[in-house]
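Chemist: Shown below is the structure under consideration.
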């Protein structure tokens, strides 16, 4: 997968290229990331990249010409086949479903805003989609871009050691993940659930699914609004509720 990033702080993306899962993906040639800094497209000695907004008000906007030229350079490198995404609090909220949609793209260009944002005409003429990682304000689009890159790259074939790791993640099936345990079998008097030590794969699968359903009900019940439960899921959830009520 090829990713282009337009950013005033390309150094920040070493967190993607040099570390962890994404770093290994880059090293193995499964993920390619290039950056374009609008400062490199300025024409004044101060390398100015901000400008005053029409109508006044506090703050500055990213200057149109350097930003637009940087986006154009990224498009040329992508062969004009890439989808251009602007990271914005006004965009579509990123969910696992959205991540799966974006992961189908072979090439993405991510535009990271700074200051008070970017000129609306840039969004109208250069941007294909706007995406947000949540209803809160950050200093720029770099952290949202890295969040998007990390989540999308996990779905690129070969990036994870086992594709099942991605399939079992929270939200991959619309539910929260089940609890996980490793050694030792007993920690501060709390034992690993016996079913996980049983070796019975079907019982383990059912337990994990039931825990996933129950945890979602307790912590994020609104997620069920978009789910159509199977007969098995309905039965397991009912058992979870009955057990929880009996233990009260």
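Keep in mind that glycine also has a Cβ here, set from the backbone N, Cα and C atoms.
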Chemist: Looking at S-adenosyl-L-methionine binding as recorded in Swiss-Prot, which candidate out of 113, 161 goes with 133, 134, 135, 136, 137, 138?
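Modeler: Candidate listed by Swiss-Prot for the same site: 113.
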Chemist: Specify the secondary structure state of residue 113 (S-adenosyl-L-methionine binding site) as given by DSSP, simplified to three classes.
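Modeler: Residue 113 (S-adenosyl-L-methionine binding site) sits in coil per DSSP, no helix or strand.
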Chemist: Within a 10 Å radius of its Cβ, which of these binding-site residues (113, 134) has the fewest neighbouring Cβ atoms?
Modeler: 134
Chemist: Listed S-adenosyl-L-methionine-binding residues 113, 133, 134, 135, 136, 137, 138 - what's their greatest C-alpha to C-alpha distance in Å?
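Modeler: 16 Å is the greatest Cα spacing among the residues binding S-adenosyl-L-methionine.
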Chemist: Output the one of 133, 137, 138 that, of all these binding-site residues, has the highest number of other Cβ atoms within 10 Å of its Cβ.
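Modeler: Checking each of 133, 137, 138, the winner is 133.
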